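Student: Reproduced below are the annotations present in TrEMBL:
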- B:51-108: domain 'CTLH' (DOMAIN)
- B:221-254: repeat 'WD' (REPEAT)
- B:266-307: repeat 'WD' (REPEAT)
- B:480-519: repeat 'WD' (REPEAT)
Amino acid sequence: MDLDPRQYEHIVVNEKDTHNIVLSYLVHNCFKQTVESFITSTGMKQPANCLDDMDKRKRIISFALDGNALKAIELTDQLAPDLLEKNKDLHFDLLSLHFVELVCSRKCTEALEFAQKRLTPFGKVQKYVEKLEDFIALLAYEEPEKSPMFHLLSLDYRQQIADNLNQAILAHANLPSHSSLERLIRQTAVVRQFLNQEASKDGFQLFP
Amino acid sequence: MPMESGYSTMLGAKGLIRKTEFVRIIIQCLYSLGYEKSASCLESESSVSYKWKDFEVLESHILDANWEDSISTLNQIKGLTDEMRSSALFLVFKQCLFECLCHGDYSMALSLLQKQVSHLKVGREKVHGLAFDMLSAKVMGNDAINENGVSELRERLLVELERLLPPPIILPERRLEHLVETAVASQIDSCMYHNSMSAVSLYEDHSCDRDQIPTQTVQILFDHKNEVWFVQFSNNGEYLASSSSDCTAIIWKVLEDGKFTVKHTLSSHQKPVSFVAWSPDDKMLLTCGNVEVIKLWDVETGICRRTFGDHGFAISSCAWFPDSKRIVCGSSDPEKGICMWDCDGNEIRAWRGMRMPKVLDLAVTADGNNLITVLSDKEIRILNVVSNVERVISEEHSITSLSVSSDGKFFVVNLNSQEIHMWDVDGKWQKPMKYTGHKQHKYVIRSCFGGLSSTFIASGSENSEVYIWNRRCSEPIKILSGHSMTVNCVSWNPRKPQMLASASDDHTVRIWGPGRSQR
């Protein structure tokens, strides 16, 4: 069974839907200026403080990406007071980012004290203990970048935490934590996989 | 007279023992027995010191917290593998680090961790673990850093180092005791008649005389009216079952004084009873009629609970599984093969087939894992019933019977070439241990394991005698006379290592015990 390309053309796409999809992507990633000009060009309506909040969120996320976790935490508390309490995992991860900063700046004694004061209170819960073991191991090396735990110092890791923080803030404001564009792409990928599997049972591949 | 050899005086008739080592382990022994004055007196009289010089130095450095000196002493000690040295250094660094933390000297602690500990070859987990411990050291607060706490920890460090370091720096615990016990154990091993648990004197080299094993007839049981083909003690040693060509089986009770009385006579078979088997919990007894049925009896009441099969069933032998609920029977009829049943007669499993030869005998090991069968007539098959792996041993002569040791590790088979072969169940042996001296050409003669730790093997014989071997030696250590005709079967009491029973064609069962001087 070959899918007729003309079938695509029979589906009607609503322009409003397209605009919403693009807008949701831009908002998610805090592209404030692009959002402003997009809204103007398309004549869409937007809630009042959407742009303000986006600004604040953008600052928070960039502090987190830079490794300035304490500032990110402070601003998050201002923007969404009980968010970190409700997201203990995230709180722990942010604090550990600060720990990593201290280690990278070779302020090891400070790092040790910080860990004792702020990280150990997370208590005896197994997953925090395991994470803490990994982080504290960084202190055993003169050159942590060359240690087996070097991935904790990487930009990729900070990016992951920053993404988590972004999603948490959005969710807290009752906005979707993932952009529609992202969800659409994921959905399409899953559907393709499934259909290919089904078709290959008959010996075909629909989407080569 | 002590011989000189280089720097060290040698002791012992063969000059194999170094005098300083000998004195040192005596000193250790005195200390461990609590004779401290004697121990230190011996140290000064002999000029042999118990503690190794290097370790003494290390000890004082550690107790005084001279960490740098401790480390360099450790590095200088000779005779350590790299692994041992690293582990010992790690322990010392760990204590040093902890003490730094207690004094609030974090940067020193961190520097130790990063510059020294990290580079020891002790494995990542230990190093990371130490980093993690640093967190809790502070949390413990200042309570732990009082003088007592710290010196106690230093003592503990020394104990751990003692456990880690090898001889000659540190002696293994109780070395002299161990050496003496090894010598005594070796003497017991070579003692052919050894059959009791009592302590052995150090004053003389140990060797038992033959009074430890059964040598005399203690009682003769006349109750059967024809040839007695089979005897077996119950697992708890309180009963004996015998079966005869007079078509009965008898359950005897073993009394406190070692005498036997009839508890039940089981008479319901129409044919000679060739075989009996006690359930592992000793509550039931199976009797096999010769090419007839099998009957299950209740031991307490003597009532026949169930009859299996019909005439012509031709069961040659049967065995119980350890749960006392399942029985396995081997047939001399190839169509029947080997069957496993529950006590209600329901078949659970069977091994049959065109190429299934006659089953001459079978047994199950006490743990229920292995089923051993003797197949017509030179083959032994050991089947692991759990993994279904089977091993085959082919003998060169016809096998008449099989008996398994109580620990399930060994079994013996009687061959009509007048040899008894012992094999291991696990199959590590290439060849069997062999025992000879008895007579066996025509009849089924059975043997068994017995005595403390199953060190002995006993067998019947066609010349009316009972033969006893120590497993280590292929010649008999004792031959018991008394019966007037072929002795068919023997059984050694599993709880009374000095009691043996034998069944003979002369219609009697004889009970054997140690010589008069022992009683």
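Backbone N, Cα and C atoms are what each Cβ position is placed from, and that goes for glycine too.
Please treat TrEMBL annotations as automatic predictions, because they have not gone through curation.
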Student: For the repeat 'WD' (B:266-307), find every same-chain residue at least 6 residues outside the stretch whose CB is under 8 Å from a CB in it, and list them.
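Tutor: For the repeat 'WD' (B:266-307), the list is 226-227, 229-230, 232, 234-236, 238-239, 241-251, 313-324, 327, 329, 332, 343-345, 366.
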Student: List, by number or range, the same-chain residues at least 6 past the repeat 'WD' (B:480-519) whose CB is under 8 A from its CB atoms?
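Tutor: For the repeat 'WD' (B:480-519), the nonlocal Cβ contacts are 195-196, 210-222, 224-233, 235-238, 240, 242, 244, 254, 258, 260, 406, 443-452, 456, 458-468.
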Student: So how many of the residues in the repeat 'WD' (B:480-519) end up helix, strand or coil by DSSP?
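Tutor: Counting residues per DSSP class in the repeat 'WD' (B:480-519), I get 3 helix, 17 strand, 20 coil.
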